[in-house]
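As annotated by TrEMBL, active site, proton acceptor applies to 315. Positions annotated as CoA binding site by TrEMBL: 361, 365, 366, 367, 368, 369, 370, 371, 372, 398, 446, 497. Per TrEMBL, the feature (R)-carnitine binding site maps to 394, 396, 407. The domain 'Choline/carnitine acyltransferase' feature in TrEMBL is assigned to 10-325, 343-550.
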């Protein structure tokens, strides 16, 4: 797409810089002996004419040849080779502000408007008239928007693939609508190529509704929630039948899917958000709406009869922010064993969605601190208070300043954050010292984040060096077999700031069995949070972390308000 041409290519960071930063990242998480061992391995790795240099050259060559040295590899390793079910483990959900539908017609009318809104958005994508987004005055790569519609993930027994039908000779003109576990094809364009009007769509939705009053006994959609290898096998069997194959192709090719959900069990207002988050992530389990999904579909909008609305998307083609952005523009207007596996997974997800109402971005800004860094430090403190240790923390950073850029990792837990959280509750430390440590930790986070969006973080570079060794059929360098590497990649906290102008919040599951997933949307005077954990881990509890986070935010605010401001840093000496 022409929007990409002016963008720079993703750089390959210098080898020595990455090795130094990797050691710094390990310092607070591994014990001194381990660290020494890793330091020696890194010295060996970096020797002139050594393994590291050879792999680095390979990456640089790859960077010259390709639009983006990382994007294909990242899609393969992070998503398509990942064999856990996409539900909860990989596909995020977004909860939109609750709608008040007075009756079923209200639900249908809203659905019709939403469909028309997405079609408007699609015409901007098709005509390439989508306004380019900027971050700090630099244009961002718009490629992900072009990947979101008319695409689908296809299961394989060892590796999945993603297909996109946008560029077909006859690109798809239909969407799929699911109601009562039954899938319908709805053509959304007239024969002359103009999109249907809201009224025309509404009439079609009414027809679909009336022809699917009985629930389908076999919710085929639930198959897509299985472990990828099993689903791959079942899929191969399923499409041997011609009718099935045509139905499945129709779903895969559709521009997007709309799920008309039945009302979920009633929930009190404070529980409502959490339940809505669960509904977006996995439909609430097979008794409710999980059969009303095709989890491989890139984009599914969910519109509940009770006003619960949102969407879920399959993560391989796009990261969080483009999907949420797309949202803002529209709001203006086989078998039982599968089934049990899915149920156990749904019951394992412990989710807490809450609103922190005491302050939003306004307070950190008044303290001249980055709101994101401020929230991340509060999260470090909350985790430390519960678990009495710090943990590797993943925060996603967008690489969209580069062609085909996806994400890299901001490692929020640092030597500086470690010092701050340990000092915070230490009665021997004075407030002035605590504030100085907080200030340093916030600045360090800010610096790491800036480095990451400029393509200079360490995680994707290390992954690239590892994959380069695999591609060269060379022996895997020792640094990748080292315990420290496994520890560094065990992110007990997986976090993401997904800012959106509307009051929505994204939710995703943890990335490790004893971890948490934390998503937050900071508004001016409040912050929306979604915290998740697995019930199967006795050490983690979503509500407990959410509460500790609230306390940490307030305690840090109190600390800053009670401590006189230092004029310049001269007084510290």
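Positions of Cβ are set from backbone N, Cα and C atoms, glycine also.
TrEMBL feature annotations superimposed on the structure.
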residue : record                     : CB count, 10 Å
361     : CoA binding site           : 19
366     : CoA binding site           : 10
368     : CoA binding site           : 8
370     : CoA binding site           : 18
372     : CoA binding site           : 22
394     : (R)-carnitine binding site : 25
396     : (R)-carnitine binding site : 19
407     : (R)-carnitine binding site : 24
446     : CoA binding site           : 16
Enumerate the residues of the same chain, 394, 396, 407 excluded, that satisfy the criterion Cβ within 8 A of the mean position of the Cβ atoms of the recorded (R)-carnitine site; list them in sequence order.
395, 397, 408, 409, 410, 494, 496
The record names 394, 396, 407 as the residues that bind (R)-carnitine; what is their largest Cα to Cα distance in Å?
11
I'm trying to understand the geometry here, so how far is the Cα atom of residue 368 (CoA binding site) from the Cα atom of residue 396 ((R)-carnitine binding site), in Å to the nearest whole number?
23
Residues 361, 365, 366, 367, 368, 369, 370, 371, 372, 398, 446, 497 binding CoA per the record - widest CA separation, whole Å
26
Under DSSP, is residue 361 (CoA binding site) helix, strand or coil?
coil
